[in-house]
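Swiss-Prot has this to say about the protein:
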type     : residues    : note
DISULFID : Cys3-Cys18  : disulfide bond
DISULFID : Cys10-Cys22 : disulfide bond
DISULFID : Cys17-Cys27 : disulfide bond
MOD_RES  : Pro6        : 4-hydroxyproline
MOD_RES  : Pro14       : 4-hydroxyproline
Amino acid sequence: DECFSPGTFCGTKPGLCCSARCFSFFCISLEF
C-alpha cells in the first residue's frame with residue numbers, strides 16, 4: 001500500500017503516513 005511522506009496532507013486518511021503521525025492534518029515525522 002502507498003503511504004504519505006512527512007509534510008503530506010493527511011486530513012482524509014490519517015493512518016497512511018510513512019513512519020509519521022497525522023497532526024493538524026499533516027504527516028509529521030516522529031524522528032528528530
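Using N, Cα and C of the backbone, Cβ positions are placed for all residues, glycine too.
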Which of Cys17, Cys18, Cys22, the listed disulfide-bonded residues, has fewest other Cβ atoms within 10 Å: Cys18
Cβ-based isolation winner (fewest other Cβ atoms within 10 Å) among the disulfide-bonded residues Cys3, Cys10, Cys27: Cys3
Inter-residue Cα distance where the pair is Cys10 (disulfide bond) and Cys27 (disulfide bond), in Å: 6
Alpha-carbon distance [Pro6 (4-hydroxyproline); Cys18 (disulfide bond)] in Å: 7
